[in-house]
Structures are given as C-alpha cells and as structure tokens.
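Read the structure below first, then the notes.
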Amino acid sequence: MGYERLGPSGATGSVTTSTTTAPILNQVSTSEQPENNNRRSKKKLVVSSIVLAISLILAAAIFAGVRSRLKLNQSVPGLARKPSQAISKACELTRFPELCVDSLMDFPGSLAASSSKDLIHVTVNMTLHHFSHALYSSASLSFVDMPPRARSAYDSCVELLDDSVDALSRALSSVVSSSAKPQDVTTWLSAALTNHDTCTEGFDGVDDGGVKDHMTAALQNLSELVSNCLAIFSASHDGDDFAGVPIQNRRLLGVEEREEKFPRWMRPKEREILEMPVSQIQADIIVSKDGNGTCKTISEAIKKAPQNSTRRIIIYVKAGRYEENNLKVGRKKINLMFVGDGKGKTVISGGKSIFDNITTFHTASFAATGAGFIARDITFENWAGPAKHQAVALRIGADHAVIYRCNIIGYQDTLYVHSNRQFFRECDIYGTVDFIFGNAAVVLQNCSIYARKPMDFQKNTITAQNRKDPNQNTGISIHASRVLAASDLQATNGSTQTYLGRPWKLFSRTVYMMSYIGGHVHTRGWLEWNTTFALDTLYYGEYLNSGPGSGLGQRVSWPGYRVINSTAEANRFTVAEFIYGSSWLPSTGVSFLAGLSI
C-alpha cells in the first residue's frame, strides 16, 4: 500500500509515501523570493522571542502564586533528591513514570506539593518552560539555509511550538483559577501534545541532518511531559477516568436530549446571523474579485481583520473562485466568521500537495487556528488529484470551530481536523484515502461523506484518527450523517474497497452513530494500519446505524472494536458530552443535536 501516509510512530513495518526527498541546496528554500524569505525569517525570530518572553513572564507570575500558596521550601535538607509521596503517587499513574519523577525533582516547587491537585500546577508550569525553551532554541535556526522540504518542516514546527506555548499558558492560568473547567485544560493539553506530534512527523523523510538533529534535540521528551501532565490532571479530577482507555467527558447538567435550533450560550444577534440571508448580513469586510468590495482577495481580508477581537468579525466572500493557495487564519485572528454565497458558488481552492516538497500540514488550501472560527456556505477544495497523495483542502486547529453548510473536496487527506474542539453541520465531504483525519475532538452531524474513486490498487479509508495518548479527550464522532459513494466510485461497480477508518495512532478513536452507511462500505467495516498495530488499544464503535453497509455480522473482531449497545456509552460521543457544545464560552454556534435523538 505505497499510497499511504507515513506510518505511526513506533510501529514496525510502517509504510512511507512515494515522495522523494528534495536535494540539499546551498540557498534558502524560497530562493525565488529571497527578500521575502529574509523578512519572514526575521519576523519569525522576533515573534518567537516575544512569545517566549511573554510566556515566561506569565509562567513566572503564575508560579509565584503557586509558590506562595504551597509555602515552598525546596531546600529542606532531608528532602534532597527524594521524591515526595505526592510525586511518587502521581507519577505511578503516568505512562512515563521515570521521566515524571526525574523532571519534577529538578523543578522548583514539586517537593512542597502535598497532593496531585497541587502538583498539577507545578507539572504544567514545568512543561510550559520546556516548550518555551524549545521554541527559543528553534528560533535560532531561522536564518539557516535549508532545502524546501526541511524549511517547510521547520516552519511548521515553529508555528506549532508557538501554538503549544499559548495552549499551555492558558492551561496553567486555568488550573490556578478557582473557576477552572477541566474540559478546557484537557483540550489545551491534548492540543499541545498533538502539535508536538505534527511537528516531529514533519521531519520524517527530511535529509538535512543539521536542522533535523537540532530540532530533534530541542523537542526531546516534550511529548512525554505533556502526556504526564494529562495523566496527573485527569487523576486529580477523576481517578476512575484514568483506569480506562477512553477518558470520556462527563455529562453536563441541564442538557436535554432534544434538538436545539441554536446553543443556549450563543448571543441572540449571532443566532440570527447563522441563518440570515446574505443580503441582510452587515459584513465588516467584503471580498469581491471584481473590486466591488472591501478587498479583492481573501488574504487581504484576513490581514485587515483585527487581532484578538472580542466581537464577531464577519467576512463576506462573494461568489467566485479564489485560488490563493495556503490561506491561513492565524491563532490571533479570533472570532472570524467567513460567509459565502453557497456551496459551489464561493470556492476557495488550491492545489498544493506533498509533491511540492512541503509537509502535509502546509498543503491546506485553507487553514484556521484562531479560536471561534466559523465558515458558512463555502466550498473548500484541493484539486491536486489522487496521484499527488496528501493534499489537504481544509485544516482546522481552532478551538470552538464551526463549519456549516460547506463543501470540502479533495482526494487523500481532504479534511484535517487537527486539534481542539470542532463541529461540522450539513457539510459534504469528498475524498479517498484517510480523507477525514487528525486529532481534534470533533463531531460531524447531518453531513454527507462521499468516497471517491482512488488510484488503481488503492483502498478508500474514510477516517484516520491519530489519538496518541489515552488521556486525550479527542476523537471523531460521525452522528446522524450519511456515508455515500460518489458517482465516480459507483461506476467502478464495487471493485474498490471502502472502509470506515483505520488507526493512525495507538489510541485512535472513531464512532459512527445513527448514520446511513452505503453498500460500498466493506463488510469488515474497518481496516488495519499494518498488521496488528493498535488493534487492542483503539476505540472504534458503531451505534444504531442503518443502510446496506451497516451490517455487523462480518465486522472485524479486534479487541478495540465494539458494537455500542448502551445509550450511556453512545451519549459520550454527542455534541453535549464529547465537545461540550453547550458550554463553549465564545459565541461560535450553529443548530445542533445536543444528544442522540434525531
């Protein structure tokens, strides 16, 4: 199966892509535009340094409060190099206990912590310091000449480390707050771990030893440190959660098992905007190719949008085909809402793939990481084609993101649900291999999922979920949707095998609930990644599905696969419980089913 993505970390016999590594050049990767690259590099270094300084100031301030509260006295002679009972007990619950003990013993404040709840402050603070150091160390490479593939991996890493420092800073602020929400902390820690994985995976196949070796050293143990944070935090809030493979979200009080037109927490004015005809919407920015708007391009509109806005900024993109390649709503562009003229009318398109010597992360035609992102009535497309392998149409890493009434069209790796909490409603998603993939906590509801005709000898796999740690609150929940064959796949008369998903990482988690599954889906339902990898640690579930492909009699018999028979278990993957849709603080909502009922 040479068409596959890179194999899972730590797996033997993993499959690699057929992409050839770019030759090492004695020039910067974007030699066609050296001045732009130098500006970008200098800007990246300055931004990274500023982010690091702010993060360290925040961590120091918060840590000072923790120090005062715990009455730290790290210098007690009898305690030197001997872990406290709290450290020993907490680290026993982690997946990396030796690193847990050693790292905490070397960090101020740990020995004075008397419980796991006290220790979590120190643990997150320590992890934040390590990520901040990695970001600072990485920034020193900004001016180094790199071949294109190494430059893409490096740029991805710097961005992801920056996002992780922000996520860990928010987690640290939250754990010292009396009003902390456990689901927020778990989400941000999960995102930091996912960011690290994406960063390291970007260097797979990179032959630039100097850059790769430097980054490998800078990133050492970061994944394990976040994993330990997740374990200690989970145990400090609910010890029972850690005992099972899936840590499921707790049921929210007051959430009814019925359809709500809009979330209760959504502002009345914004509720109207989501359903309001375009002609009645007062947009802050209008994009029109003919010049009859605020901007002619989407990239210009994104630049014009304010940073860290406390209100919804509406960008209306008029009908037309916008091919600007690698558009991105950055982390500081929060609360942006993109409104188009409808599926197939407003089209955001691109054709980047890994064959352009860039990471999968950078192939996205459109990407959004700013919290509270909403897109409505737009088509996102990557036209690179099946022969170009990984080619993302839409990548979402924004927390509390909503994609409503959109088309997402591609082949391999069409939709990258990268991280944080996401909700898709009434979307049409087209692809072939692993075309819904990533490690967000995401619910797709009332969506149509179309498998297309792949290349010869390829198999279609709808999902490739990459949950790496049992304490991450991530997974893909497909609820009240339709799994269908596109017209080109129908024409093959069943010669192409299509599967519901396969495990990209060890604790991969995907469920299909109350959905229609077409006859093109193989009777086994699910496909191995390779041999027996993750078959006993994954969580794949099916609940009350219908259609000719929903039969359970010949499904796989893996230890991690289950037919869900309990309503309580199925409820764990609903909007209300899996992504806490009814409690999101930013106003980023859409009509949805809170529970299971249709």
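Don't overthink the numbers, they just go from 1 along the chain as shown.
Quick reminder: no glycine exception, Cβ is built from N, Cα and C everywhere.
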Problem set entry | Residue from Gln390, Gln458, Gln472 that Swiss-Prot also lists as binding substrate with Thr360, Arg502, Trp504 | Gln390
For this session: Could you round the CA separation between Arg502 (substrate binding site) and Cys447 (disulfide bond) to a whole angstrom and send it over?
Result: 20
Problem set entry | Rounded distance in angstrom between the Cα atoms of Thr360 (substrate binding site) and Gln412 (site 'Transition state stabilizer') | 10
For this session: Tell me, in order along the sequence, which recorded positions from Gln412, Asp413, Cys427, Cys447 have their CA within 10 Å of Gln390 (substrate binding site).
Result: Gln412, Asp413
Exercise. Taking the Cβ of Cys427 (disulfide bond) as the centre, how many other Cβ atoms fall within a 10 Å radius?
Worked result: 23
Exercise. The record names Thr360, Gln390, Arg502, Trp504 as the residues that bind substrate; what is their largest Cα to Cα distance in Å?
Worked result: 18
Seminar exercise, completed: Over the region 'Pectinesterase inhibitor 34' (81-232) the mean pLDDT stands at 93
